[in-house]
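Here is the structure we will look at.
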């Protein structure tokens, strides 16, 4: 499947190159074979396919294929939208199409050339050839726009080379996959390729998405570089697709960086995406108004401070990346000092520095993704320096971003969410013209930062099991989006209505509930939610024409400062061991209420020491939730009647669903083998280990397992369900403890538990520890077979689970 995802990417690249080859071959005609609008739509479809291939390819193994697919996808997205605009007559002047296309073409010529060089150096010739040919095609197209002597045939030939190379290797890999390696075209042997990738696997970078994100920074910077250098004549609507395509893709890379457990780079990409949306907004505004939009200076100063703080913390992880972010600090200061914003020469000059710095840092990240010998980024020097400090110690290890309940596919996004609160609140301090609200650049900061990126932070918090925090972030993001569009998008106008006030009051009621719940979380969250209530009050007073002078600015400043403290606290706690800036204790503490107050241990199942600790708890009379070959279960040691009784009571066990017995091997029943019929014994040998529970007649064999007083809680007076699970962690635990009594890890009548987070959520303090194995391998419980009458040739089924009747 992993190879097929690469095939999808190569076939998508080949298909797009074929379309472009046909387009350029037929472009001298009066009527091209593929109209511009149709070609643009097709490129957008193929860009979505490349995104899928790149993301799916990256989930198991870091590869340059990820960077190639995501970079080409972003390129074709912007290119496709510009073709659609040209096809629909939105770029009427003769030089508009050229001015719109050249910044993107120049950027991707260099970006793909970097990919090709790294591909050749790291032994990936297929991707290097595809990237080099695509880079050559882009360079030819740039030359074609400035010199008609070249002709479109050269561009078409380069695209045809891409099509042939990509198609050959994609079809070769598909053929090798379908024939299971019996037929392989030269250079497409999957077994050889897999061996090479496994040998390089340990050399991969921790975040394979950083390089595409850096290349997108080159794209947005090139739009302003070309204007400063005179390559393009003006900034206009045709450049917006490049900026917004880069912004949208960077938000996606921000999410993927959280998936790669890289909080700081994810936050950096979130910040830079905001700048891209703001630049696109500024270039879009003159299409319906003759003047250029104005910039809120205080906001940009605050943004530069956030960039500087993030650069400082990122320097501890990678000094090269930290120094790179300082260029964006300069960029924000240049924008704050220029009334014309992105149209001024100062920020455009800094954009040239961003372009060069992005290219250099992207080259380092691309090379370090696959190369065994890394280009040093200074991380070792920082670690050596901090090793001498007794106060500061960097967080490291596989559990660096693990949430309280043990497992998440994403790192924490709270740093970005708090930063977006700071940005949105200070953006509201901008005083614009009520008659022309769009003339002040506020919507990108409020709607993109306070709305969409905060919603992203809330979604990631929800994936990490933080219900209250995620609810607050999502609720606040909705409010920022609605209020930002209404007040600064021209929808609100100068009129006020009763309906607006009612809506804000309804929101305040929701926020009151969050304020109340935050009393049980921590002090920082209480003040964070309470000060946002001040923002909501300012919205309400404005809606009813009763807003005192200066109140809204005071409220936004207070909320911004509280958010900034939370931003710093989240940064320090995710970077250093021991919380340097405390979030405070819960203001109200009740038994069983409050995050982190439980004594229930959550231990990772991948560690042998965790299994040993769970075994110690079971031997001491505890009950534990553990992963199995099906769903999570609650277990107790057979030789501890008090623990078995506790498990029975915690479950409110129904009489028709008695507890079962698990062993790790039939050797544990060998002393009692003479008590089983030969047919039943043979059937147990054939059936186990597997997710099949056998209900067998109760007898003296139960005493051989040392159950003593526990026996009355297991099975029924006539029969007992017994099983050997097909799970190495579970059987190892049974080897350490002895036979265990098992029941499902959920109250009777509820759905099966398929994640370790659900064990504690459903059973609470009734469970002493949870062995965390992530999502269950199956969502269906075991098959329960009635073997009480097997000697007469009959078996029945109490429950048909994961194993079908036919297999039994």
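Note: Cβ is positioned from N, Cα and C throughout, glycine not excepted.
As written in TrEMBL, here are the features:
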type     : residues : note
TRANSMEM : 7-26     : transmembrane segment
TRANSMEM : 64-88    : transmembrane segment
TRANSMEM : 100-121  : transmembrane segment
TRANSMEM : 126-147  : transmembrane segment
TRANSMEM : 153-171  : transmembrane segment
TRANSMEM : 209-230  : transmembrane segment
TRANSMEM : 263-286  : transmembrane segment
TRANSMEM : 298-316  : transmembrane segment
TRANSMEM : 323-343  : transmembrane segment
TRANSMEM : 438-456  : transmembrane segment
TRANSMEM : 468-486  : transmembrane segment
TRANSMEM : 498-521  : transmembrane segment
DOMAIN   : 608-803  : domain 'YrdC-like'
- Note on the structure: Other same-chain positions with a Cβ less than 8 Å from the transmembrane segment (64-88) and lying at least 6 residues past its termini are 6, 9, 12-13, 16, 35-44, 46-48, 50-51, 53-55, 57-58, 96-97, 100-101, 104, 108, 111-112, 115, 118-119, 122, 124, 127, 130-131, 134, 208-209, 211-212, 215-216, 219, 237-238, 241-242, 245-246, 248-249, 253, 366, 369-370
- Query: Going along the chain, which residues at least six beyond the ends of the transmembrane segment (298-316) come within the CB cut-off of under 8 Å?
  - Reply: 264-265, 267-268, 271, 274, 322-323, 325-326, 328-329, 332-333, 335-336, 382, 386, 394, 419, 422-423, 426-427, 429-430, 445, 560, 567-568, 571, 575
- Contact set, same chain, for the transmembrane segment (468-486): CB under 8 Å, 6 or more residues outside the stretch: 414, 417, 421, 424, 442-443, 446-447, 450-452, 454-455, 457-459, 461-462, 492, 500, 503, 507, 510-511, 514, 517-518, 521, 525, 528-529, 532, 536, 539
- Can you tell me the mean pLDDT for the domain 'YrdC-like' (608-803)? 85
